[in-house]
Amino acid sequence: MGETAMVHSAMVTYTSMIALLALCPPFVILLWYTMVHADGSVLHTFNYLKQQGLLNGFKSIWPTPSIIAWKIIACFGAFEAFLQLALPGKRFEGPISPAGNVPIYKANGLQAYTVTLITYLGLWWFEIFDPSIVYDHLGEIYSALVVGSLVFCIFLYLKGHVAPSSTDSGSSGNPIVDFYWGMELYPRIGKNFDIKVFTNCRFGMISWAVLAMTYCFKQYEQNGQVADSMLIYTILTLAYVTKFFLWESGYWCTMDIAHDRAGFYICWGCLVWVPSIYTSPGMYLVNHPVNLGTQLAISILLAGILCIYINYDCDRQRQEFRRTNGKCLIWGRPPSKIVATYVTTKGETKTSLLLTSGWWGLARHFHYIPEILAAFFWTVPALFNHFLPYFYVIFLTILLFDRAKRDDDRCSSKYGKYWKLYCNKVPSRVIPWLY
């Protein structure tokens, strides 16, 4: 089983898994209902559920997945799957897996992302498809995604038992752990269709950008104009997702792809949690346009773009360092590094270079700080009338700080004494000089 499952104590792990499996699906629907139908007010939703009775109130809130919702999801999913398979792209080798496998990818994410946005704009411009239909059926779409993605995760669980794609698979002996964390590291359909690339990168990330545009279109349809707050949210969101696709092959070397298996945690999260929770500030802004004024709007926009750039530059630095085997310049100087050796599960001794200068000399996971700040800057146009638009920022902070701990624990067990040397040289985990 992957290292991720038991970083925390067994009791904490099982309790958190069961809680997330039970609470995440209804939370997605509650958040949508509150943003769209309860003025963004948690108190309004709470009072409604109190008046109706929790179960009856929740039943009345939960939309039934409609035919239109299923059609929208099917068309979008099929389109992204087609682009993933059909568009040309450079061959990319992922990092060697614990079982010694090297996953091969086709790096065509930027092309797929560009084609999708141009197609969506074209459908709107030539009045072939009205994007406001997506917003009007959003609750039904989320409801369908909740159900459909749970079925998909059951498929992944069964596939891991019956027909794993590689030797990087196996059971922990506990079906709940296997369903939550996943059975396979690199599940594929056939030789070329990588499931995690589809769920994490293509469906999850591209739907985030498409929904940001959808909220813009909807506000324009309702008000005849787009408020500067919505423009900032949309521009920063699209800038962040564009940054992701410029760096997609680097993402294939991160914890999500190279270490976390394909189960509920990763796949359901990317298929449902990303399109709903990650887009929630824009969902709120549709019916709550805020006019910030030119000076404040430009200040927020520039701050957000700076954070996205720093986040990109952190990843670029590390990628360049790895690509050149340390023979590059970081901030105009030769990089400081630690040469670490480790032993694979097959008993082979390998070497890794750990970068200890540039952004990576400030903290071991410094790149999470500009990522959290970027999320804050595309949320802050909603101002502070309600807490809920900031849920994503809070969730992202908890997620990234937990990921930093899991990554540190994994590296500690992998590199041993070399990781201690690294931590002595770069003592801060996320926030320089504080944590």
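Along the chain as shown, residues are numbered 1 onward.
Positions of Cβ are set from backbone N, Cα and C atoms, glycine also.
Unlike curated records, TrEMBL annotations are generated automatically.
The feature transmembrane segment is assigned by TrEMBL to 12-33, 67-87, 108-126, 141-158, 197-215, 230-250, 262-280, 292-312, 372-401.
If you count C-beta pairs under 8 angstroms between the transmembrane segment (230-250) and each of 108-126, 141-158, 197-215, 372-401, the highest count goes to 197-215. Long-range Cβ contacts of the transmembrane segment (372-401) within its own chain (Cβ-Cβ under 8 Å, at least 6 residues beyond either end) map to 31, 34-35, 39-42, 228-230, 232-233, 236-237, 240, 277-278, 280-281, 284-285, 288, 290, 292, 297, 300-301, 303-304, 307-308, 311, 365, 430. Long-range contacts of the transmembrane segment (262-280) within the same chain, counting only residues at least 6 positions beyond its ends with a Cβ under 8 Å from a Cβ of the stretch, are 4, 20-21, 24-25, 28, 31-32, 35, 142, 145-146, 148-150, 152-153, 156-157, 178-187, 195-196, 199-200, 203-205, 207-208, 211-212, 215, 237, 256, 388-389, 391-392, 395. A Cβ distance under 8 Å defines the sequence-distant neighbours of the transmembrane segment (67-87), meaning residues of its chain 6+ beyond its ends; these are 106, 108, 111-112, 115-116, 119, 133-134, 137, 140-141, 143-145, 148, 192-194, 197-198, 202-203, 206-207, 210.
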